[in-house]
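Chemist: Can you read through this structure? Questions will come right after.
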Amino acid sequence: MLAFWSVSFVLLCVWRFSYAQYDHLGYLPGYQDPAQDLYTVPELPKDMPRVPLRLAGEKRKHNEGRVEVFYEGEWGTVCDDDFTIHAAQVVCRELGYFEAVSWFPSSKYGKGEGRIWFDNVHCTGNERSLAQCESNGIGVSDCKHTEDVGVVCSDKRIPGFKFVNTLTNNINSLNIQVEDVRIRPIRSSYRKRIPVTEGYVEVKDGGKWKQICDDEWIQMNSRVICGMFGFPGDKRYNTRVYKMFARRRKPTYWDYSINCTGNEAHLSSCKLGHMLSIKANSTCEQGSPVVVSCVPGRAFAQTPMAGYKKAFRQEQPLVRLRGGAVVGEGRVEVLKNGEWGTICDDNWNPVAATVVCRELGFGSAKEALSGGQLGQGMGPVHMNEVKCSGFEKSVTECPFSMDKDSEGCSHEEDAGVRCNVPAMGFQQRLRLSGGRNLFEGRVEVLMERNGSLVWGTVCGEGWGTMEAMVVCRQRGLGFASHAFQETWIWPGAVNAVSVVMSGVRCAGTEMSLSHCLHHGEYLSCPKGGSRFAAGVSCSETAPDLVLNPQVVEQTTYLEDRPMFMLQCAYEENCLGSTSSYIPANSYQSDYTNNIVKCRCRYDGHRIWMYNCHIGGSFSAETEDTFPGLINNQVTHR
């Protein structure tokens, strides 16, 4: 990790990923500007050593890991004896995170190396450093590395946080330290585009936005910037236009250069280059401000008429994501010999996960998930011990192993990913109102009516689970638990009483409710939208059942019931008008027990189930063989 500094102290890089680049669009009204509340390093007693911390270990995110301490020139660990959430709070705050979420004993993130510097740590949670907490004393411990403690910190960072590092003998390992990063559109044609794909790369340092001199900027740096903002690649741009802008208004340059390999998930993971000799901080001797132009994935590109003609497109559908609650996350499945299968998580890492993300038209991977965290798949395990360089076009091009030793991989080890996706502003155009908590309520959308944007309700007629799934995804609330066609129990907002959307029909995979089929300006909602407005209840996790349609086909049977036992079904309108077919609405709009949709045939004595599909398996190809999938109408002969 290359870095050169002549001063006696060094700032260790910390990253706070945010959507600051979209401030001008008003997407985050509650965004707190770090310049308003800059973090200052807490003062410690003169006799108290400043002990640097870091998070390390296996299969982790940036804000979690094994707690490691640097003392007397050596990195060591902390024992889990007497460790509490209060100690975790001190660690997280010292590392620049807003708070601690949880902590784990027994080397959850793998066994560390070296000394165990702290044991029997007792913190109140108000200490400014872990070294201030009571303990056996630095280096006094009877623990083993099987007792190394780990913490999980919040994603939210302390505004303006900078970690002062005194490790002057370890300069080459330092990464970039900035408060924030953004792509700021300069050309008028790009200012109104969503997502923002082209503009100056700016970093916030000391509460001020600064440009980067392009003297030593390389294409790999642009690749990382585009990846962290959700784009699979970058492209050329008109340099002459931006040089003209730079001449009109003199930029304020950042003091350092950047050196990325192209595989980093965030700018914070790149290496810090040498200090630039920028005269009066206003010019860059042989260049101008860094500009990136990113290529959006197909799902995030505007129409060809409006630009983005070269939007990233997947050449062959060899890879897909399943089981994720939001766009850009899911269990990784690959197609081999005409059969979809999964990838075993042995050696699964962010580099391989990023190959998957970019292949599917997203940015770099935020997380490489293991242990079937996003649901267990079905069918074969096609790949194991995947080793990618990071520049493959498809994960199927990466070397992997499927020898006899790896045949024991089960679906409990299915690999998954969470990818960076562009900020589209969808979440701010929909809200849930009147619920008991953030995960439920009446659906209210922001729509254009008579030239202005107004909040209103969605007609509940025909509202079902697929539509509710889109709402929960759009709000970032996970999966739909229930879909409600009546919401009289939720009063909703007083400024959203009129119906502004009706006739909504979703496949369940759309990123926004506005992407679903629906009536245009001419609404049709016979019952109105007050008590009959659409509502949802969301769940952070998916059902834990794994349905096998083939088993459903083989085990379905018809059970005779006396008519008086069908009173509830009759009152709920679940009985068919004739006995010649199973009614279309024969199940509640609910994911509590999962749903399998099947073709069925009933002759009055027997019932046959065939062509079964899991409820979320809607696609064009399944619709061709199962035309009733979109409206649940069962074909009868």
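The backbone N, Cα and C atoms fix where each Cβ goes, and this holds for glycine too.
Heads up, here are the entries from TrEMBL:
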type	residues	note
DISULFID	Cys79-Cys143	disulfide bond
DISULFID	Cys92-Cys153	disulfide bond
DISULFID	Cys123-Cys133	disulfide bond
DISULFID	Cys260-Cys270	disulfide bond
DISULFID	Cys388-Cys398	disulfide bond
DISULFID	Cys506-Cys516	disulfide bond
DOMAIN	53-154	domain 'SRCR'
DOMAIN	183-295	domain 'SRCR'
DOMAIN	319-420	domain 'SRCR'
DOMAIN	430-539	domain 'SRCR'
SIGNAL	1-20	signal peptide
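Can you tell me where each of these features sits in this structure?
Modeler: Spatially close to Cys153 (disulfide bond) yet at least six residues away along the chain are Leu55, Asn63, Glu64, Ala88, Val91, Cys92, Leu95, Tyr97, Phe98, Glu99, Ala100, Val101, judged by Cβ distances under 8 angstroms.
With a cut-off of 8 Å between CB atoms and residues at least 6 apart in sequence, the same chain places Ala87, Val90, Phe118, Val121, His122, Cys123, Thr124, Glu127 near Cys133 (disulfide bond), listed in sequence order.
Other C-beta atoms found within 10 angstroms of the C-beta of Cys260 (disulfide bond) number 23, with every protein chain shown included.
Counting only residues at least six positions away in the same chain, the Cβ atoms of Val351, Ala352, Val355, Val395, Cys398 sit under 8 Å from the Cβ of Cys388 (disulfide bond).
A C-beta separation below 8 Å, combined with a sequence spacing of at least six in one chain, links Cys516 (disulfide bond) to Glu467, Val470, Val504, Arg505, Cys506, Ala507, Glu510.
Here the domain 'SRCR' (183-295) has a mean pLDDT of 83 out of 100.
Per-class residue totals from DSSP over the domain 'SRCR' (430-539), listed helix then strand then coil: 13 helix, 40 strand, 57 coil.
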Chemist: Could you tell me how many residues in the domain 'SRCR' (319-420) are helical, how many are strand and how many are coil under DSSP?
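Modeler: Result for the domain 'SRCR' (319-420), in helix, strand, coil order: 19 helix, 31 strand, 52 coil.
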Chemist: Tally the residues of the domain 'SRCR' (183-295) by DSSP class, grouping H, G and I as helix, E and B as strand, and everything else as coil.
Modeler: 33 helix, 33 strand, 47 coil
Chemist: Could you tell me the C-alpha distance between Cys270 (disulfide bond) and Cys143 (disulfide bond) in angstrom, no decimals?
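Modeler: Computed Cα spacing between Cys270 (disulfide bond) and Cys143 (disulfide bond) is 35 Å.
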Chemist: Between the Cα atoms of Cys260 (disulfide bond) and Cys79 (disulfide bond), find the distance and write it as a whole number of Å.
Modeler: 35
